[in-house]
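Written out below as structure tokens is the structure these notes cover.
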Amino acid sequence: MEAKGKVVGVIGNLVTIEMVGTVSMNEIVFIKTGGQSLKAEIIRIRDGEVDAQVFEMTRGIAVGDDVEFTDKLLTVELGPGLLSQVYDGLQNPLPELATKCGFFLERGLYLSALDRNKKWSFNATAKVGDFIVAGDFLGFVIEGTINHKIMVPFDRRDSYRIIEIVGDGDYTVDDRIAVIEDDAGGKHIITMSFHWPVKVPVTSYKKRLIPNETMVTQTRIIDTFFPVAKGGTFCIPGPFGAGKTVLQQVTSRNADVDIVIIAACGERAGEVVETLKEFPELTDPRTGKSLMERTCIICNTSSMPVAAREASVYTAITISEYYRQMGLDILLLADSTSRWAQAMREMSGRLEEIPGDEAFPAYLESVIASFYERAGVVVLNNGSVGSVTVGGSVSPAGGNFEEPVTQATLKVVGAFHGLTRERSDARKFPAINPLDSWSKYRGVVEYEATEYARAFLVKGNEVNQMMRVVGEDGVSIDDFVVYLKSELLDSCYLQQNSFDSVDAAVSFERQNYMFNILYKILQSDFKFENKLEARSFINDLRQNILDMNLAPFKQEKFNKLEINLKNLLRSKKLDF
């Protein structure tokens, strides 16, 4: 029986609907008010009533307004043309919305996610008579720098036989590409695009693998000490102004991945505008073209309705899974998951659910876990491998890592990059705290060597805390040298200048080379007459290595500085 309903209550963006018929959880409905149709999603079903969260401002909705039930879940449209686009959480292209509406978006206006008129040059790889299943490739088109595979829609559950496929040529996303036949003789038309529900993980692959290949970000502190694996998960919690957004932008520019998906979820409009302005101007170091050519941005600012924040996170992960099915490596950056959790808290309060810690819903952990679990490395039907790596920034109030969102995230991620106010105020960027952060993945340097270096950082911090109480004269010269060595490692290796053309991105080879130099220095037993001599010598080493960091690797300037460094160390009768 087709469902029918009317509005019987409105609280903020939560609308209660009295209905007759059959509905399903997460079904999309349209509320008719003032000549507009406002999209909403059913989030609770009770006897004769449903509660729906509205993705628009609810001003003007009145008791008695008609509600149209679609019998469909919230979906995204998948096909060529997603890259270099900027969407809102409901996959409306924002540049086209701006053309239609101006600076202030009208509610109830929904546009097609893909350009219906653009023609793509299709190259067929399958042929008539081939047997196929969901996720198999029929052909490809060139999308920017990516070989965009045209696939059998993921909702096809059986094996099919191709009975018709078009020849190479130019087609739109709505043109018929192939006709397939099921075992019962039913025929199905395939186009370049199809829809997929955002809250349902894509499972059209053979098997999942354990992430073990390092995703090189070219940021020294991450790749060496707190690495991230392709298909892994990581979180970047930190207070406001600690550098989360810049770190994510640097990662997206330099990471060893094919495509970057950015979900700007509930961030301040200023930060989102900064991202939208900067990304088209950034040069992709791999291709020399604009970084936007392999980027898709899903943005919902804090001024947009809270329900759309959740939609933006799920839209981003679904698009990531779609490109993963082509055998590509995808990096999804969600900024910030705290805003999404706050939206859940707001909706949970309106539903009058029993609250958990700090009034967040009791199911917060399971929802966050289900999002991060959609990351992973998979083997596709044809044997190729694709991955989705998920990195979420968390914005705990006051930098308090004990709050529920951070704690729920820490339980499910494989790496923790904790930014601290202390390091950002000291202008030590990236402001990742080397004492609190951790990773479960393998890095670019041997584990034993990095643990030895981390032990120096811990010991150096202990000496530093002691000196704050008793002063420099209150510690032995040996402890003082340990402190100086830890500061040397911090300033020369853990810190990095994101705005320098050389130091912004450090290759795998260079990281290994420079770490080995510092590792030997940490292991060396220096003999000094007094603390003044120790400080002077270590400062000379520091300046020399900092200059090396800014010099092109193994070129004339770098080689000269390396000779100077070796001469400095030999002056202490050390064999380098």
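From the backbone N, Cα and C atoms, a Cβ is placed for every residue, glycine too.
Taken verbatim from Swiss-Prot:
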type	residues	note
BINDING	Gly238, Pro239, Phe240, Gly241, Ala242, Gly243, Lys244, Thr245	ATP binding site
Gly238 (ATP binding site): tally of other CB atoms within 10 A of its CB: 29
Min neighbour Cβ count (10 Å) across binding-site residues Pro239, Gly241, Gly243 flags Gly241
As a test of the contact definition, list every same-chain residue at least 6 positions from Thr245 (ATP binding site) whose Cβ is closer than 8 Å to its Cβ. Glu267, Glu271, Glu274, Thr275, Asp335, Ser393
List of residues, in chain order, with Cβ under 8 A from that of Phe240 (ATP binding site) and at least 6 apart: Ser395
